[in-house]
Amino acid sequence: MSVELWQQCVELLRDELPAQQFNTWIRPLQVEAEGDELRVYAPNRFVLDWVNEKYLGRLLELLGENGSGIAPALSLLIGSRRSSAPRAAPNAPVSAAVAASLAQTQAHKTAPAAAVEPVAVAAAEPVLVETSSRDSFDAMAEPAAAPPSGGGRAEQRTVQVEGALKHTSYLNRTFTFDTFVEGKSNQLARAAAWQVADNPKHGYNPLFLYGGVGLGKTHLMHAVGNHLLKKNPNAKVVYLHSERFVADMVKALQLNAINEFKRFYRSVDALLIDDIQFFARKERSQEEFFHTFNALLEGGQQVILTSDRYPKEIEGLEERLKSRFGWGLTVAVEPPELETRVAILMKKADQAKVELPHDAAFFIAQRIRSNVRELEGALKRVIAHSHFMGRDITIELIRESLKDLLALQDKLVSVDNIQRTVAEYYKIKISDLLSKRRSRSVARPRQVAMALSKELTNHSLPEIGDMFGGRDHTTVLHACRKINELKESDADIREDYKNLLRTLTT
């Protein structure tokens, strides 16, 4: 089987998948032909497992359809093709359970120099891979200090390092996997975080979560830390903001205690650093973190990082750091879709022991779209207003409680703004959107703009039609239905719509 056939099928799969999914899971794969067998290499176990579960079946179908008509023999492996410089796989025992009709792979512990872990895949169906569990981290830290007497939400952990360097880090005990609301927008990030929490040191190192503010990155990071401590209360799990790392380093330099600083940060079992983008243009901090990062990975200790953008897009960050951040798994956290926003509101109301009617939650979720933090803030205002006024939560009460916020949202997301944003995105004129032109290059953006207007504003279909050159409301309805269909079948439209939605609501 030729590598060219594989590339052809990958391009076909690209058309079927959202760009984020393709770039995260399919693009990193490498391939080489070995006789009649095709060998596909994944950079780590997590990518291998996910590709095997989610995409392998479709890839085999495409290979069969575009080749000889027979599904080919194919092997999934961890590592790099032999024509590339291999990178050593982490020390991790891996076991595979394969159905009787499939080739068996013995559980084994990867030697430090090994670059490949093969998992045989038969032509008939995808192989089922199960990752074995490992013991939790070794105890390397002082036991966690008792929580504040008032039952505070943050767990204080204070460690005194000989040489006068004292570090205190916090894990919010309410940020757990149980309190995290999962949806399409954060499914991949949640799955990756759980794998790290349940099986640390298994190759997803570092785990890099990126996305806008208030989307749940910090929640997931705390959830991992809390789970690790639940498994081993004596584990040294250090969570901190990147600015805290810088401050500790400066203090260590002032106290002439840099060696103690290094010893402390390089002795942790798991280092969780939030907002890594704040290292940008801090050369001394980047230098120290570079060596700390290397020491932790060489020692098999877990590193989890978050940022507001993709690592390679962080300006002022050294290329060697960007490269190392890509050694593990990088996952985006997207703004929550409507259903997830409703679920978040219902869960928060339940935690607060407040009755929130579903239509009220839907009303808030429709209008607060940017991030979870703003969503929770809006709910708190509504609950407070309900308590002070002695009234049940209704849509009328929500309008009163969020009067200024809703007015601001309506002002920010207007049909005029949508038309301008869509025209700029597709590089056409606003007048084209309002014209009678029916060429695809104009008609499709017009339909997208109409669908966005229906979703993001409170205008009726006839009102939207009037603002698009005096069109009938049935034209707007057809446009909305067409775009909803295309979002399911056309990856480009789906990506365009998501990008425009993000631009208009953040």
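Glycine is treated like the rest: Cβ placed from N, Cα and C.
Under the heading region 'Domain I, interacts with DnaA modulators', Swiss-Prot lists 1-87. Taken together, the residues in the region 'Domain I, interacts with DnaA modulators' (1-87) have a mean pLDDT of 78 on the 0 to 100 scale.
The region 'Domain II' annotation in Swiss-Prot covers 87-169, and the record cites sequence analysis as its basis.
Here Swiss-Prot flags 135-154 as region 'Disordered'.
Residues or ranges marked as compositional bias 'Low complexity' in Swiss-Prot: 139-148.
The region 'Domain III, AAA+ region' annotation in Swiss-Prot covers 170-386.
Annotation note: Thr218 (ATP binding site) sits in a helical segment as assigned by DSSP. Residue environment of Thr218 (ATP binding site) contains 20 other Cβ atoms, counted within 10 Å of its Cβ in all protein chains. Marked as ATP binding site by Swiss-Prot: Gly214, Gly216, Lys217, Thr218.
Summarising the annotation, Swiss-Prot assigns region 'Domain IV, binds dsDNA' to 387-506.
Within 8 Å of the centroid defined by the CB atoms of Gly214, Gly216, Lys217, Thr218, the record's ATP site, lie the Cβ atoms of Gly211, Val213, Leu215, His219, Leu220, Thr306, Val333, Asn371, Val372, Arg373, excluding the listed residues themselves. Neighbour counts were taken as the number of other C-beta atoms within 10 angstroms of each residue's C-beta; across the binding-site residues Gly214, Gly216, the minimum falls on Gly214. Shown for the region 'Domain IV, binds dsDNA' (387-506): DSSP residue counts in helix, strand and coil, namely 93 helix, 0 strand, 27 coil. Under 8 Å, Cβ to Cβ, and six or more positions away along its own chain, Lys217 (ATP binding site) finds Ala189, Leu209, Tyr210, Gly211, Asp274, Thr306, Val333.
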